[in-house]
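Below is one structure, written out as structure tokens; comments come after it.
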Amino acid sequence: MARKFFGTDGIRGRTNSGVMTAEIAMKVGQAAGTYFQRGTHRHRVVIGKDTRLSGYMMESAMTAGFTSVGMDVVLLGPMPTPAVAMLTRSMRADLGVMISASHNPFEDNGIKLFGPDGYKLSDEAELTIESMLLQELPLADAAQVGRARRIEDARGRYIHAVKASLPDNVRLDGLRIVVDCANGAAYHVTPSALWELGAEVIAIGVEPNGKNINAGVGSTHLDAIKAKVRETRADIGIALDGDADRLIVVDEKCQTVDGDQIMALIGTQLAARGELRGGGVVATVMSNLGLERHLNAHGLTLERTAVGDRYVLERMRSGGFNVGGEQSGHMILTDHATTGDGTVAALQVLAALVSSGKPASELLHLFDPVPQLLKNVRFTGGKPLEAKSVKEAIAEAEARLAGKGRLVIRPSGTEPLIRVMAEGDDADEVEAVVDQICDAVRKAA
């Protein structure tokens, strides 16, 4: 069955158009609420959101949907995606909902669903809910309509949980940390957690107004945090995205440390302590060949999946791995969380920094990345990858890189983009290959 609503990371789109309307949000609430009503207990859903203006509308619409089919609603307000997953489990809820479009601009929004175990739903569950969206579902009797309430201590519960990912004797005293919360969901909790652990915290991206989430700040816009690290002579910078499930680090020299380097650090450190499970790390086809070579040199493997943290997590669960992620900064550490958690990952990096006594620039660049280039080509309709000219360009590029590099071409799961990535030891050849394919896609789009 083809997906109409759910993409690679839930439902996402431009507010008040397509799949992202209040009407559809209410129907998602009704469908998901009906799907998860099992047993005779009073059913409950936990709803969190980021700081987008449309979050109010979507939260209200989903609350109406859930309560109309007899499910009680617990409203968390602005909270990171991993906090929703954690609180879904700890509150014994039947499901969790995060209203967010992650790193996208404020005009977009999205819906992510978590099961009672705190994990994102399976493809099968999402497809079943999709089919229910198109049906007229039975509503609750008047006496069985659900109630909605807000809980006031959600922030404190999450802060306690992320601090518990570190041993009790680990403190961050003496570290000057710049944290950029992207004017998003972590604007309160992450600076608070770092401060409680003893760090000197300089926070930016902590003044959300509904329209400035990810706007020139956060893990996809690093100029702001680099400038602040330089200005304050900070030891390290921690950049999160709008829903705080991804992390990019900036060292004291304002050099970028991406998800591949973070996975290399956490993976090898856990392996040295005998705590790494699965014999390696799980990442996607977009992770740099340098990461694979680094892990192999330490007797570890790199398992690759399709792009999307859900696929990384599926492989981690099936193979018994406890470290996985994406180059873009999704870090999944299943010893501590059931989904990507930028704050938990940041604490592991900071703990390593404290114990090593080294500056971040020495600790966090464990391998030299192979030259890699990623370009996005926007298209307005059709399927450009099926064009004969594009297929021929791809075949020619693969022949040029054979044995010397990798080529990954894929449509975005959330935007009308074709992503073209190549890597290899020859940077000029990598650039030529990417440009060749991008030109072919543009002409076919």
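Here the Cβ of each residue, glycine as well, is placed from N, Cα and C on the backbone.
Remark: Asp241 (Mg(2+) binding site) has Ser102, His103, Ala182, Gly184, Asn214, Gly218, Ser219, Thr220, Gly329, Gly342 as non-local neighbours, by Cβ distance under 8 Å and separation of at least 6 in sequence. Under the three-state DSSP scheme, Asp241 (Mg(2+) binding site) falls in the coil class. The Mg(2+) binding site annotation in Swiss-Prot covers Ser102, Asp241, Asp243, Asp245, and the record cites sequence analysis as its basis.
Here the Cβ of Ser102 (Mg(2+) binding site) has 29 other Cβ atoms within 10 Å, regardless of which shown protein chain they belong to. The active site, phosphoserine intermediate annotation in Swiss-Prot covers Ser102.
Feature annotation from Swiss-Prot assigns phosphoserine to Ser102; the stated evidence is sequence analysis.
Apart from the site residues Ser102, Asp241, Asp243, Asp245, the chain places the Cβ of Asp50, Pro80, Thr81, Ser100, His103, Gly184, Ala185, Leu240, Gly242, Ala244, Arg246, Gly340, Gly342 no farther than 8 Å from the centroid of the site's Cβ atoms, the recorded Mg(2+) location.
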